[in-house]
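Pulled from TrEMBL:
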DOMAIN    16-76  domain 'Peptidase S26'
ACT_SITE  21  active site
ACT_SITE  65  active site
DOMAIN    87-125  domain 'Peptidase S26'
């Protein structure tokens, strides 16, 4: 997913989906209106945009994923193999669990575990179709 930094001086900007990880909800080329937000404003089920958490990938890459657990939620060990052996029973403060809607095409918490909330760029408000 690449983003176009339009209206960067405000709370909103536009991102363009580049990939298949969120199909069928979002397809390559779809544009999203993104609202900057704090991690505390993110709700389960929201679609978020975040900086790529894996250091081996390009720094400027961003990802679009659906939030499946927020701080205080039970750790979804059954759905997220990377979290099977983590300590604690709830998602810790400062962390999110994110998954792509299309698991076969998605690099997400199943691979990198918790998404550090510091990587969060914003939450999708709506598609721009």
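Placement of Cβ uses the backbone N, Cα and C atoms for every residue, glycine included.
Any TrEMBL annotation is an automated prediction that lacks curation.
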Which secondary structure state does DSSP assign to residue 65 (active site), in the simple three-class scheme?
strand
Across the domain 'Peptidase S26' (87-125), what is the average pLDDT of the model, as a whole number?
95
Starting from the Cβ of residue 21 (active site), draw a 10 Å sphere and report how many other Cβ atoms land inside it.
23
Just to confirm: which same-chain residues, 6+ apart in sequence, have a Cβ under 8 Å from the Cβ of residue 65 (active site)?
21, 22, 47, 48, 50, 98, 99, 100, 106, 108, 109, 115
How do the residues of the domain 'Peptidase S26' (87-125) split into helix, strand and coil according to DSSP?
10 helix, 14 strand, 15 coil
